Amino acid sequence: MGVPERPTLLLLLSLLLLPLGLPVLCAPPRLICDGRVLERYILEAREAENVTMGCAEGPRLSENITVPDTKVNFNAWKRMEVQEQAVEVWQGLSLLSEAILRGQALLANSSQPSGMLQLHIDKAISGLRSLTSLLRVLGAQKESISPPDATPPAPLRTLMVENFCKLFRVYSNFLRGKLKLYTGEACRRGDR
């Protein structure tokens, strides 16, 4: 019953600090660069999209929610600096997180049956938090902060969704598109 061993103490400390988004000593710094990690989140997003796919008319949101536009002009994307890509991905991920949380609140206040839908919302929230932490370790948050004398980034393009089907489609498309493109490029360049 003495003092815990040092590795155990470090593990406990890292588990406490990880949700805060602080750098953790034990966390593999380039975990997001392992394609299997991102593919797991993409698979969860696709499952949520598929569950709600037959829902052109429902389950509806009681208000429209703003989400990031997921369209990618590949030629323009390739010409962008990694810092510009980081800004777009970081802003998009933040807006998407807000949108999913808003969807969760609207579902909780509705009379719609929510069992399976709530499960996928909870998975999406957990996945977005994990992806945010992994992007922080990769340095996306630092890259998305422009110096005071820099030209401000272009405003994030957005669109409105009115049902959970479209919300999960945007979530899935964002992960498969901009997030995957950014992490692939940042990992290839070795940016941190």
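Just so it is clear, glycine is given a Cβ too, placed from its N, Cα and C backbone atoms.
Taken from Swiss-Prot, the feature signal peptide applies to 1-26, supported by sequence analysis.
Listed in sequence order, L138, T183, C187 are the same-chain residues six or more apart from C33 (disulfide bond) with CB atoms under 8 A from its CB. According to its DSSP assignment, C33 (disulfide bond) is helical. Positions annotated as disulfide bond by Swiss-Prot, on the basis of similarity to another entry: C33-C187.
Look at Swiss-Prot and you will find N50 (among others) tagged as N-linked glycosylation site. Around N50 (N-linked glycosylation site), no same-chain residue six or more apart in sequence has its CB under 8 Å from its CB.
What Swiss-Prot lists as N-linked glycosylation site is N64 (among others), and the listing cites sequence analysis. Under the DSSP three-state reduction, N64 (N-linked glycosylation site) is assigned to strand.
Cβ environment of N109 (N-linked glycosylation site): S62 lie under 8 Å away, each six or more residues apart in the same chain. Summarising the annotation, Swiss-Prot assigns N-linked glycosylation site to N109 (among others).
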Those residues of the chain, 6+ apart, with a Cβ under 8 Å from that of N64 (N-linked glycosylation site): M160, V161, E162
